[in-house]
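Taken from TrEMBL, the feature transmembrane segment applies to 12-31, 43-65, 85-106, 134-155, 162-183, 189-210, 241-260, 266-284, 318-341, 353-375, 387-404, 410-428.
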Amino acid sequence: MALLTSADKALWRLALPMIFSNITVPLLGLVDTAVIGHLDSPIYLGGVAIGATATSFLFMLLLFLRMSTTGLTAQAYGAKDPLRLARALVQPLILAFGAGALIVLLRTPLIDLALHIVGGSDAVLEQARRFLEIRWLSAPASLANLVLLGWLLGVQYARAPVILLVVGNLLNILLDLWLVMGLHMNVRGAALATAIAEYGTLLIGLWMVWRVLAMRGITLALLKTAWRGNMRKLLALNRDIMLRSLLLQLCFGALTVFGARLGPEIVAVNAVLMTLLTFTAYALDGFAYAVEAHSGQAYGARESGQLREVWRAACRQAGLVALIFALVYACFGGHIVALLTSLPALRELADRYILWQVVLPVVGVWCYLLDGMFIGATRGAEMRNSMAVAAAGFGLTLLTLPYLGNHGLWLALAVFLSLRGLSLAVIWRRHWRNNTWFPARSDIS
């Protein structure tokens, strides 16, 4: 028996480039921190940190543009339907440019609101304002890039996401060094570097998409009419995924808020341990992206056998990678923490909670994969509902904090990930048994 089946190989062909490109995302954050951190005042680093957090929260709420585009594109790709493939690009792009333009026009009151919520010293908030006033000018490009990334992933153009993310991030890093260190533009330089990189990435992405469209025989005339269609269905799907993203953001935000109530050392050690969890999630998300594309293709082609093969391959390969992460953290977790902090008190504290880094990859991998399966099928309402169940479980588990302390916080996260996976699994199994996973043919378009 071959070590890897054809389904395993197909999964790795898409997952491996996505894992590699995902690694460039935290790398960009490290470079931003290093460049701004070498300026002559800590207010610059604080301002960029607040600005980056506000930007991340806003754009994470709009991540539905990438997710819904991948699902709709993969289905059209599986159905071999050029019109649906064109529509899966044009309609989300209209939404992206519209939402981006709205953010640009309303950025002053939006920035005022964000900084009012965050609070802090006036000096730091002023730097954050300077950062955001420039950074949010790139909103149309940033949101359009989400659509392009989702569409290219949906047609299984494996190299494209790597090129988009790696080239965009490397351009950002080089501009960071030039504008901040060379031209001494401080936080404005960091914001301008990101804005220019986003528009540069947009141009590269549009060129790649145009090449794929030409290969698929999709003409400019077809693109001009592709905006027509059931936009209401797309808006409903995006609404559901946005609500799901909001619940996700609120739960992860609660980790920081409740951690702060347990003391500054707990906040610090949780930040270190969350670095490990984030790195693991980026790796496993590569498989989730691959599942989105392959399951969406199978969904569009109505191939139940192909869908089963995709799921089995994902369970084998992602499950193995999750187990490897768990073993690495079990054997070398203390050494890894020592590389991230030189403070003896934090190292000692981290030893008490490193067990959760062993548990979470094995617990969380299933919800990542099932997310990919449901995104491929564009089942946004069910994803929203499962996230609501998980968020409720997360909130109830927080009641253990007075008794378990920080262990209660990590337990809440484990419960959250477990319930996400379990609720989606129950929904999927019910559809599979009742033969209702695939839509009626009249509902496909």
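Glycine residues also receive a Cβ, built from the backbone N, Cα and C atoms like all the rest.
Outside the transmembrane segment (410-428), and at least 6 residues removed from its termini, the chain residues within Cβ reach (under 8 Å) are 251, 255, 353, 356, 359-360, 363-364, 366-367, 370-371, 373-374, 382-383, 385-387, 389-391, 393-394, 397-398, 400, 404, 437. Looking at 43-65, 134-155, 266-284, 353-375, 387-404, the range that has the most CB pairs within less than 8 A of the transmembrane segment (85-106) turns out to be 134-155. The stretch in 189-210, 241-260, 353-375 that contributes the largest number of Cβ pairs under 8 Å to the transmembrane segment (266-284) is 353-375.
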